[in-house]
Amino acid sequence: MQRKNFTEVAEFIFLGFSIFGNHQITLFVVFLSTYIFTLTGNIIVITVICIDRHLHTPMYFFLSMLSSSETVYTLVIIPRMLSGLIFYNQPISLGSCATQMFFFAILAANNCFLLTVMSYDRYVAICKPLRYTVLMNKGVCARLVCGSFGTGLVMAVLHVTAMFNLPFCGTVVEHFFCGIYPVMKLSCIDTTVNEIISYGVSSFVIIVPVVLVFRSYILIISSILKIPSVEGRKKTFATCASHLTVVVVHYGCAAIAYLKPKSENAIEEDLLLSVTYTIITPLLNPVVYSLRNKEVKDALHRAVGRNSS
(Lines of atoms letter the chains of each structure in order from A and count residues from 1; the text may use other names and numbers.)
(Lines give C-alpha, C1' and ligand atoms only; values in the text may rest on other atoms or scores of the structure.)
Protein backbone atom coordinates (compact mmCIF):
# COMPACT_ATOMS: atom_id res chain seq x y z
CA MET A 1 0.00 0.00 0.00
CA GLN A 2 2.86 2.35 0.77
CA ARG A 3 4.09 2.22 -2.81
CA LYS A 4 0.89 3.99 -4.04
CA ASN A 5 2.02 7.20 -2.32
CA PHE A 6 4.97 7.55 -4.71
CA THR A 7 5.08 8.60 -8.35
CA GLU A 8 6.13 5.56 -10.35
CA VAL A 9 9.45 5.99 -12.13
CA ALA A 10 9.55 4.40 -15.59
CA GLU A 11 13.10 5.24 -16.63
CA PHE A 12 16.46 6.51 -15.41
CA ILE A 13 19.10 8.84 -16.86
CA PHE A 14 22.81 8.27 -16.27
CA LEU A 15 24.90 11.15 -14.98
CA GLY A 16 27.88 9.32 -16.47
CA PHE A 17 30.99 11.40 -17.03
CA SER A 18 29.18 14.73 -17.46
CA ILE A 19 31.08 16.08 -14.42
CA PHE A 20 34.21 15.99 -16.59
CA GLY A 21 32.69 18.48 -19.01
CA ASN A 22 34.64 19.00 -22.25
CA HIS A 23 36.90 15.99 -21.60
CA GLN A 24 34.17 13.51 -22.55
CA ILE A 25 35.32 13.17 -26.17
CA THR A 26 38.85 12.42 -24.96
CA LEU A 27 37.45 9.85 -22.53
CA PHE A 28 35.43 8.31 -25.37
CA VAL A 29 38.55 7.82 -27.50
CA VAL A 30 40.55 6.38 -24.58
CA PHE A 31 37.77 4.04 -23.42
CA LEU A 32 36.92 2.91 -26.95
CA SER A 33 40.57 2.10 -27.69
CA THR A 34 40.90 0.19 -24.42
CA TYR A 35 37.64 -1.67 -25.09
CA ILE A 36 38.80 -2.72 -28.57
CA PHE A 37 42.06 -4.06 -27.10
CA THR A 38 40.10 -5.87 -24.38
CA LEU A 39 37.69 -7.54 -26.82
CA THR A 40 40.48 -8.41 -29.25
CA GLY A 41 42.72 -9.80 -26.49
CA ASN A 42 40.04 -11.98 -24.93
CA ILE A 43 38.83 -13.26 -28.30
CA ILE A 44 42.41 -14.16 -29.28
CA VAL A 45 42.94 -16.01 -25.98
CA ILE A 46 39.68 -17.95 -26.41
CA THR A 47 40.43 -18.79 -30.05
CA VAL A 48 44.02 -19.93 -29.41
CA ILE A 49 42.91 -22.14 -26.52
CA CYS A 50 40.18 -23.71 -28.68
CA ILE A 51 42.36 -24.45 -31.72
CA ASP A 52 45.66 -25.45 -30.07
CA ARG A 53 45.55 -28.99 -28.67
CA HIS A 54 48.53 -28.25 -26.39
CA LEU A 55 46.24 -25.94 -24.42
CA HIS A 56 43.41 -28.46 -24.00
CA THR A 57 44.04 -28.75 -20.26
CA PRO A 58 41.92 -27.78 -17.23
CA MET A 59 44.00 -24.66 -16.57
CA TYR A 60 43.38 -23.23 -20.03
CA PHE A 61 39.78 -24.43 -20.12
CA PHE A 62 39.15 -22.28 -17.03
CA LEU A 63 41.05 -19.40 -18.62
CA SER A 64 38.86 -19.60 -21.73
CA MET A 65 35.75 -19.57 -19.52
CA LEU A 66 37.08 -16.51 -17.65
CA SER A 67 37.84 -14.71 -20.93
CA SER A 68 34.36 -15.57 -22.25
CA SER A 69 32.73 -14.32 -19.07
CA GLU A 70 34.70 -11.08 -19.11
CA THR A 71 33.88 -10.51 -22.80
CA VAL A 72 30.15 -10.70 -22.09
CA TYR A 73 30.64 -8.71 -18.86
CA THR A 74 32.13 -5.79 -20.80
CA LEU A 75 29.42 -6.03 -23.48
CA VAL A 76 26.79 -5.51 -20.78
CA ILE A 77 28.35 -2.25 -19.59
CA ILE A 78 30.73 -0.53 -21.99
CA PRO A 79 28.74 0.00 -25.25
CA ARG A 80 26.05 1.98 -23.40
CA MET A 81 28.75 3.88 -21.48
CA LEU A 82 30.45 4.85 -24.76
CA SER A 83 27.12 5.88 -26.21
CA GLY A 84 26.48 8.09 -23.16
CA LEU A 85 29.76 9.92 -23.74
CA ILE A 86 28.56 11.01 -27.20
CA PHE A 87 24.78 11.24 -26.83
CA TYR A 88 23.96 12.89 -23.51
CA ASN A 89 20.97 12.14 -21.26
CA GLN A 90 19.97 8.90 -22.94
CA PRO A 91 17.23 7.26 -20.83
CA ILE A 92 17.18 3.61 -19.81
CA SER A 93 13.92 1.91 -18.91
CA LEU A 94 13.41 0.32 -15.51
CA GLY A 95 13.34 -3.13 -17.11
CA SER A 96 16.55 -2.53 -19.07
CA CYS A 97 18.23 -1.23 -15.93
CA ALA A 98 17.21 -4.35 -14.01
CA THR A 99 18.47 -6.55 -16.86
CA GLN A 100 21.82 -4.75 -16.97
CA MET A 101 22.24 -5.05 -13.19
CA PHE A 102 21.24 -8.73 -13.31
CA PHE A 103 23.85 -9.71 -15.90
CA PHE A 104 26.49 -7.49 -14.30
CA ALA A 105 25.93 -9.22 -10.93
CA ILE A 106 25.96 -12.73 -12.44
CA LEU A 107 29.16 -12.19 -14.41
CA ALA A 108 31.01 -10.25 -11.69
CA ALA A 109 30.37 -13.06 -9.18
CA ASN A 110 31.12 -15.70 -11.82
CA ASN A 111 34.53 -14.10 -12.49
CA CYS A 112 35.37 -14.11 -8.76
CA PHE A 113 34.57 -17.80 -8.39
CA LEU A 114 36.28 -18.77 -11.65
CA LEU A 115 39.50 -17.24 -10.31
CA THR A 116 39.00 -19.36 -7.19
CA VAL A 117 38.55 -22.48 -9.32
CA MET A 118 41.75 -21.61 -11.18
CA SER A 119 43.65 -21.39 -7.88
CA TYR A 120 42.31 -24.83 -6.92
CA ASP A 121 43.52 -26.16 -10.27
CA ARG A 122 47.03 -24.83 -9.55
CA TYR A 123 46.90 -26.35 -6.06
CA VAL A 124 46.06 -29.80 -7.42
CA ALA A 125 48.67 -29.53 -10.21
CA ILE A 126 51.49 -28.59 -7.81
CA CYS A 127 50.55 -30.34 -4.56
CA LYS A 128 48.94 -33.50 -5.98
CA PRO A 129 50.50 -33.93 -9.46
CA LEU A 130 50.10 -37.74 -9.57
CA ARG A 131 46.33 -37.43 -9.05
CA TYR A 132 45.85 -34.35 -11.24
CA THR A 133 44.19 -36.10 -14.19
CA VAL A 134 41.78 -37.88 -11.84
CA LEU A 135 40.91 -34.90 -9.62
CA MET A 136 40.59 -32.48 -12.56
CA ASN A 137 38.85 -34.63 -15.16
CA LYS A 138 36.39 -33.14 -17.66
CA GLY A 139 33.36 -33.82 -15.47
CA VAL A 140 34.89 -32.09 -12.46
CA CYS A 141 35.94 -29.09 -14.57
CA ALA A 142 32.43 -28.75 -16.03
CA ARG A 143 30.85 -28.93 -12.55
CA LEU A 144 33.23 -26.30 -11.19
CA VAL A 145 32.39 -23.91 -14.04
CA CYS A 146 28.65 -24.56 -13.64
CA GLY A 147 28.98 -24.05 -9.89
CA SER A 148 30.66 -20.67 -10.43
CA PHE A 149 27.92 -19.54 -12.80
CA GLY A 150 25.17 -20.95 -10.57
CA THR A 151 26.52 -19.07 -7.55
CA GLY A 152 26.58 -15.88 -9.61
CA LEU A 153 22.99 -16.51 -10.68
CA VAL A 154 21.80 -16.86 -7.08
CA MET A 155 23.66 -13.69 -6.05
CA ALA A 156 22.18 -11.76 -8.98
CA VAL A 157 18.63 -12.87 -8.17
CA LEU A 158 19.06 -11.74 -4.56
CA HIS A 159 20.48 -8.36 -5.61
CA VAL A 160 17.96 -7.52 -8.31
CA THR A 161 14.87 -8.84 -6.51
CA ALA A 162 15.68 -6.80 -3.42
CA MET A 163 16.51 -3.71 -5.48
CA PHE A 164 13.54 -3.55 -7.83
CA ASN A 165 10.96 -4.11 -5.11
CA LEU A 166 11.86 -0.61 -3.93
CA PRO A 167 9.84 2.45 -4.99
CA PHE A 168 11.97 5.07 -6.76
CA CYS A 169 11.62 8.85 -6.65
CA GLY A 170 14.86 9.99 -8.28
CA THR A 171 15.64 9.46 -11.96
CA VAL A 172 19.32 10.50 -12.29
CA VAL A 173 21.77 7.65 -11.65
CA GLU A 174 25.13 9.09 -10.55
CA HIS A 175 27.02 6.52 -12.56
CA PHE A 176 27.49 5.23 -16.12
CA PHE A 177 25.59 1.96 -15.58
CA CYS A 178 22.94 0.54 -13.26
CA GLY A 179 25.20 -0.21 -10.32
CA ILE A 180 23.67 -1.45 -7.10
CA TYR A 181 24.41 1.47 -4.79
CA PRO A 182 23.83 4.32 -7.30
CA VAL A 183 20.35 2.93 -8.10
CA MET A 184 19.59 2.25 -4.44
CA LYS A 185 20.18 5.95 -3.65
CA LEU A 186 17.16 6.82 -5.83
CA SER A 187 14.71 4.99 -3.57
CA CYS A 188 11.99 6.95 -1.76
CA ILE A 189 12.17 4.84 1.41
CA ASP A 190 14.76 3.69 3.91
CA THR A 191 17.11 1.17 2.27
CA THR A 192 18.84 -0.23 5.36
CA VAL A 193 17.61 -3.77 4.70
CA ASN A 194 18.71 -3.57 1.06
CA GLU A 195 22.11 -2.24 2.10
CA ILE A 196 22.54 -5.17 4.49
CA ILE A 197 21.56 -7.64 1.74
CA SER A 198 23.87 -6.00 -0.80
CA TYR A 199 26.78 -5.80 1.63
CA GLY A 200 26.22 -9.42 2.70
CA VAL A 201 26.13 -10.68 -0.90
CA SER A 202 29.19 -8.60 -1.87
CA SER A 203 31.08 -9.83 1.19
CA PHE A 204 30.28 -13.45 0.34
CA VAL A 205 31.30 -13.04 -3.32
CA ILE A 206 34.61 -11.38 -2.40
CA ILE A 207 35.67 -12.76 0.99
CA VAL A 208 34.88 -16.45 0.42
CA PRO A 209 36.90 -16.63 -2.84
CA VAL A 210 39.76 -14.62 -1.30
CA VAL A 211 39.96 -17.01 1.66
CA LEU A 212 39.92 -20.05 -0.63
CA VAL A 213 42.54 -18.56 -2.96
CA PHE A 214 44.72 -17.60 0.02
CA ARG A 215 44.47 -21.13 1.40
CA SER A 216 45.37 -22.63 -1.97
CA TYR A 217 48.43 -20.43 -2.30
CA ILE A 218 49.62 -21.14 1.24
CA LEU A 219 49.62 -24.84 0.34
CA ILE A 220 51.18 -24.14 -3.07
CA ILE A 221 54.01 -22.05 -1.61
CA SER A 222 54.72 -24.62 1.08
CA SER A 223 55.02 -27.29 -1.64
CA ILE A 224 57.23 -25.10 -3.82
CA LEU A 225 59.61 -24.45 -0.91
CA LYS A 226 60.15 -28.21 -0.60
CA ILE A 227 61.56 -28.40 -4.14
CA PRO A 228 65.35 -28.78 -3.72
CA SER A 229 66.57 -26.79 -6.75
CA VAL A 230 66.18 -23.02 -7.14
CA GLU A 231 65.45 -23.47 -10.85
CA GLY A 232 62.72 -25.99 -10.04
CA ARG A 233 61.10 -23.59 -7.58
CA LYS A 234 61.17 -20.75 -10.11
CA LYS A 235 59.72 -22.92 -12.88
CA THR A 236 56.92 -24.21 -10.68
CA PHE A 237 55.99 -20.78 -9.33
CA ALA A 238 55.98 -19.40 -12.90
CA THR A 239 52.91 -21.55 -13.62
CA CYS A 240 51.04 -19.53 -10.97
CA ALA A 241 52.45 -16.04 -11.60
CA SER A 242 49.92 -14.96 -14.24
CA HIS A 243 46.95 -16.15 -12.22
CA LEU A 244 48.26 -14.55 -9.02
CA THR A 245 48.72 -11.19 -10.77
CA VAL A 246 45.13 -11.19 -12.06
CA VAL A 247 43.81 -12.30 -8.65
CA VAL A 248 45.52 -9.48 -6.73
CA VAL A 249 44.21 -6.76 -9.07
CA HIS A 250 40.73 -8.26 -9.45
CA TYR A 251 39.96 -8.84 -5.77
CA GLY A 252 41.75 -5.65 -4.74
CA CYS A 253 39.52 -3.49 -6.94
CA ALA A 254 36.39 -5.42 -5.96
CA ALA A 255 37.12 -5.09 -2.23
CA ILE A 256 37.74 -1.35 -2.48
CA ALA A 257 34.63 -0.81 -4.59
CA TYR A 258 32.14 -2.86 -2.58
CA LEU A 259 33.44 -3.33 0.96
CA LYS A 260 34.60 0.17 1.92
CA PRO A 261 31.98 2.36 3.71
CA LYS A 262 29.77 4.02 1.11
CA SER A 263 29.79 7.35 2.96
CA GLU A 264 33.44 7.78 1.96
CA ASN A 265 32.75 7.57 -1.77
CA ALA A 266 32.79 10.71 -3.87
CA ILE A 267 31.24 10.48 -7.34
CA GLU A 268 34.69 10.83 -8.94
CA GLU A 269 36.06 7.96 -6.82
CA ASP A 270 33.12 5.72 -7.75
CA LEU A 271 33.61 6.41 -11.44
CA LEU A 272 37.36 5.78 -11.25
CA LEU A 273 36.90 2.48 -9.40
CA SER A 274 34.18 1.39 -11.80
CA VAL A 275 36.35 2.18 -14.82
CA THR A 276 39.08 0.05 -13.24
CA TYR A 277 36.96 -3.08 -12.77
CA THR A 278 34.84 -2.73 -15.92
CA ILE A 279 37.57 -1.72 -18.41
CA ILE A 280 41.08 -2.13 -16.98
CA THR A 281 40.69 -5.47 -15.17
CA PRO A 282 39.14 -7.31 -18.17
CA LEU A 283 42.06 -6.03 -20.27
CA LEU A 284 44.55 -7.31 -17.71
CA ASN A 285 43.55 -10.94 -18.19
CA PRO A 286 44.59 -11.37 -21.86
CA VAL A 287 47.60 -9.07 -21.47
CA VAL A 288 49.01 -10.97 -18.48
CA TYR A 289 48.32 -14.40 -19.92
CA SER A 290 49.74 -13.40 -23.32
CA LEU A 291 52.91 -11.73 -22.07
CA ARG A 292 53.77 -13.79 -18.99
CA ASN A 293 52.63 -17.26 -20.01
CA LYS A 294 55.09 -19.20 -22.18
CA GLU A 295 52.57 -21.83 -23.31
CA VAL A 296 50.11 -19.20 -24.56
CA LYS A 297 52.91 -17.32 -26.34
CA ASP A 298 54.08 -20.55 -27.99
CA ALA A 299 50.51 -21.32 -29.07
CA LEU A 300 50.19 -17.82 -30.56
CA HIS A 301 53.41 -18.33 -32.51
CA ARG A 302 52.17 -21.69 -33.82
CA ALA A 303 48.84 -20.14 -34.85
CA VAL A 304 50.57 -17.25 -36.64
CA GLY A 305 52.97 -19.68 -38.29
CA ARG A 306 50.11 -21.81 -39.64
CA ASN A 307 48.28 -18.78 -41.00
CA SER A 308 51.36 -17.33 -42.71
CA SER A 309 52.44 -20.63 -44.30
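The backbone N, Cα and C atoms fix where each Cβ goes, glycine too.
Given the structure is predicted, the values throughout are model-derived calculations rather than measurements.
The list of residues near the transmembrane segment (25-51) in space but at least 6 beyond its ends in sequence, with Cβ under 8 angstroms from a Cβ of it, reads 17, 60-61, 63-64, 67-68, 70-71, 74, 78, 81-82, 85-86, 275, 279-280, 282-283, 285-287, 289-290, 296, 299-300, 303. If you look up TrEMBL, you'll see 25-51 (among others) marked as transmembrane segment.
Look at TrEMBL and you will find 41-289 tagged as domain 'G-protein coupled receptors family 1 profile'.
Under the heading transmembrane segment, TrEMBL lists 101-120 (among others).
Residues annotated as transmembrane segment in TrEMBL: 140-164 (among others). Same-chain residues lying 6 or more positions outside the transmembrane segment (140-164) and placing a CB less than 8 Å from one of its CB atoms are 58, 61-62, 65, 94, 98, 101-103, 105-110, 113-114, 116-117, 120, 180, 183-184, 193-194, 197-198, 201, 204-205.
What TrEMBL lists as transmembrane segment is 204-225 (among others). Among residues of the same chain six or more beyond the transmembrane segment (204-225), those with a C-beta under 8 A of the stretch's C-beta atoms are 108-109, 112-113, 115-116, 119-120, 122-123, 126-127, 151, 155, 233, 236-237, 240, 244, 247, 251, 254-255, 258-259.
Positions annotated as transmembrane segment by TrEMBL: 237-259 (among others). Listed as Cβ neighbours of the transmembrane segment (237-259) (distance under 8 Å, sequence separation of 6 or more from its ends, same chain) are residues 108, 111-112, 115, 118-119, 122, 125-126, 199, 202-203, 205-206, 209-210, 213, 217, 220, 224, 273-274, 276-277, 281, 284-285, 288-289, 292-294.
As annotated by TrEMBL, transmembrane segment applies to 271-291 (among others).
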Long-range environment of the transmembrane segment (101-120) - Cβ separation under 8 angstroms, sequence gap at least 6: 59, 62-63, 65-66, 69-70, 72-73, 76-77, 144-145, 147-149, 151-153, 155-157, 159-160, 163, 177-180, 183, 205-206, 208-209, 212-213, 216-217, 243, 246-247, 250-251, 254, 277
Integer mean pLDDT for the domain 'G-protein coupled receptors family 1 profile' (41-289): 86
